[in-house]
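Copied over from Swiss-Prot:
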| type | residues | note |
| --- | --- | --- |
| SIGNAL | 1-24 | signal peptide |
| DISULFID | CYS54-CYS67 | disulfide bond |
| DISULFID | CYS61-CYS72 | disulfide bond |
| DISULFID | CYS66-CYS79 | disulfide bond |
Amino acid sequence: MVNMKASMFLTFAGLVLLFVVCYASESEEKEFPKEMLSSIFAVDKDFKQEERDCAGYMRECKEKLCCSGYVCSSRWKWCVLPAPWRR
């Protein structure tokens, strides 16, 4: 009886240890792509988004006019693609 309890305990402890080791290695693998992508797409601190005189697709068109190829939706006040029912 004692040997069976000890073997079950050791088996359970081994499974827990295996789980912890696998989880640790998996979390390290998940961090690697994040670090790689952040270094590839690193943005310069001085980089600023260029201001446009017109609003692009799905942007508000209350104060700005829509860029060429888009029309201002009268219902939603967004710049959308022109369609026959929007003319």
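Each residue, glycine too, has its Cβ placed from N, Cα and C.
Mapped onto this structure are the features recorded in Swiss-Prot.
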residue: CYS54; record: disulfide bond; DSSP class: strand
residue: CYS61; record: disulfide bond; DSSP class: coil
residue: CYS66; record: disulfide bond; DSSP class: strand
residue: CYS72; record: disulfide bond; DSSP class: strand
residue: CYS79; record: disulfide bond; DSSP class: strand
Listed disulfide-bonded residues CYS54, CYS66, CYS79, filtered to Cα within 10 Å of CYS72 (disulfide bond): CYS66, CYS79
CYS79 (disulfide bond) versus CYS61 (disulfide bond) - Cα distance in angstrom: 6
Sparsest Cβ surroundings (other CB atoms within 10 Å) among the disulfide-bonded residues CYS66, CYS67, CYS72: CYS67
Around the Cβ of CYS54 (disulfide bond), the count of other Cβ atoms that are within 10 Å: 13
CYS54 (disulfide bond) versus CYS66 (disulfide bond) - Cα distance in angstrom: 5
Length of the line joining the Cα atoms of CYS67 (disulfide bond) and CYS79 (disulfide bond), in Å: 8
CYS79 (disulfide bond) and CYS54 (disulfide bond), Cα-Cα, nearest whole angstrom: 10
